[in-house]
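For reference, the structure discussed in these notes is given below.
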Amino acid sequence: MASASSFLSEDQFLCSICLEVFTEPVSIPCGHNFCKACITKNWEGKNQCQCPLCNEKFNKGLKLRVNTGFREVVENFKKLRFISKNDVPAKPGQVPCDCCTGNKFKAFKTCLVCLASYCETHLEPHLRVAALKRHKLTEPVHNLENNVCKNHNRILELFCRNDLTRVCVLCTEHRAHDTVPLQEEYEEKKFQLEQKKVEVQEMIQERQKKIQTIKEVADTKGEDKNEAIANSLQDSKQVRTAHIWWPNGIPQKFNRYAYILGKKGFSEGRFYYEVQVAMKTGWDLGVVRESIHGKRTFTQNPRNGAWIIKLRNNTKCTALNNTSVNLSLRTIPERVGVFVDYEKGLVSFYDVDTVTLIYSFTGCMFNEKIYPFFSPGPSEDGINGAPLVLSSAKCSATSEESNGFLGLIITLIALFFLCIN
């Protein structure tokens with residue numbers, strides 16, 4: 001048996017007068033079939049009967065009888081319509097067919113010329129009759145009356161980009177505006193949304209990569225983040241702050257900002273280094289015991305093996321002694337010199353450009369190897385982004401070498417600063 005779709009395309013099931021599926025089909029002598037009601041009305045008031053298709057004439061008073069065999073075929077066809085792929089009863093929220101009587105089927109298309117919605121069966125004339133083929137069909141439209149211009153009773157098929165509203169072809173007040181077909185505007189907006197979707201997906205993937213990186217860092221075992229940073233920057237002469245965003249829920253395992261230690265440690269003798277701190281609003285400089293290396297967090301004071309001064313907000317300079325000491329500076333240094341005499345337990349800080357002593361830790365109990373300490377300080381939302389730059393370093397590795405040329409240089413530098421102060 002043929003499918004419902006194939007029946008829908010066969011003209012023998014359609015009355016050529018009403019263009020609907022036959023109702024009580026009758027056959028006239030020429031062999032053509034019509035709905036009984038349609039042909040009766042067509043012949044009404046005429047002196048002679050004539051076939052609407054072939055124009056063959058018949059005597060008036062011709063008795064019309066229903067073609068029972070053909071009627072059965074038509075009734076079977078009508079039953080097959082119910083199992084059509086698209087002819088299903090309309091559910092709440094779906095557009096119903098405007099031509100169905102009784103139980104309405106789901107609309108398959110909406111005609112913007114007829115201003116009506118049709119199921120697949122009732123749409124068939126629009127697919128077959130030449131005049132109806134020119135009508136514009138769209139996907140089923142809810143509340144079709146809302147898509148009709150109230151002023152001109154024409155479908156709203158244009159979009160005015162100036163006023164961001166739908167208009168019909170007769171809306172003269174929009175003729176000078178930038179108007180485009182609704183379908184064109186729809187396609188453009190659809191393309192823009194697709195592009196935005198791709199951008200959002202790429203952004204999500206990038207964020208996911210960053211989150212994964214943060215998780216991997218947060219889950220690192222056996223190596224502290226500060227240690228990892230120090231290892232990666234050991235051979236560098238610059239240290240800068242990198243802003244890191246920590247999502248809620250990830251353990252704060254590390255310091256708020258990183259520090260690194262000098263590559264070489266000292267357990268005797270003297271050494272001196274200079275650091276450029278210009279353009280920075282915060283920093284930490286000094287020396288620390290070797291045991292500090294690898295610690296995730298520690299209190300910066302001599303009791304814990306750290307002899308450090310720090311600057312914050314480009315105004316407040318503090319010596320981190322066992323009791324913090326606020327330092328009064330005439331100018332904020334742009335180069336800081338750090339001098340250490342291991343045997344004398346001395347750590348001194350100097351403003352190199354103004355040749356003034358900033359602060360000295362005395363009576364230091366080093367007890368183990370000590371290392372230069374550098375921290376670029378907090379990011380301060382990128383304001384403190386300039387690097388610390390190690391500009392020079394001099395040392396005498398052993399006390400026996402202190403009478404050598406290099407040791408003499410360091411001693412003279414220290415004495416020079418001490419004498420002028």
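Yeah, the Cβs are placed from backbone N, Cα and C, and that goes for glycine too.
Residues 62, 64-67, 70-71, 74, 77-78, 81, 121, 125, 129 of the same chain lie 6+ residues outside the domain 'RING-type' (15-55) yet bring a C-beta within less than 8 angstroms of a C-beta in it. Annotation source TrEMBL lists domain 'RING-type' at 15-55.
For the domain 'B box-type' (144-182), the model's average pLDDT works out to 82. Taken from TrEMBL, the feature domain 'B box-type' applies to 144-182.
Sequence annotations record features per position, and here TrEMBL assigns coiled coil to 183-213.
Look at TrEMBL and you will find 196-395 tagged as domain 'B30.2/SPRY'.
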Problem set entry | Residues of the parent chain within Cβ reach of the domain 'B box-type' (144-182), under 8 Å, 6 or more residues beyond its termini | 110, 112-113, 115-117, 136
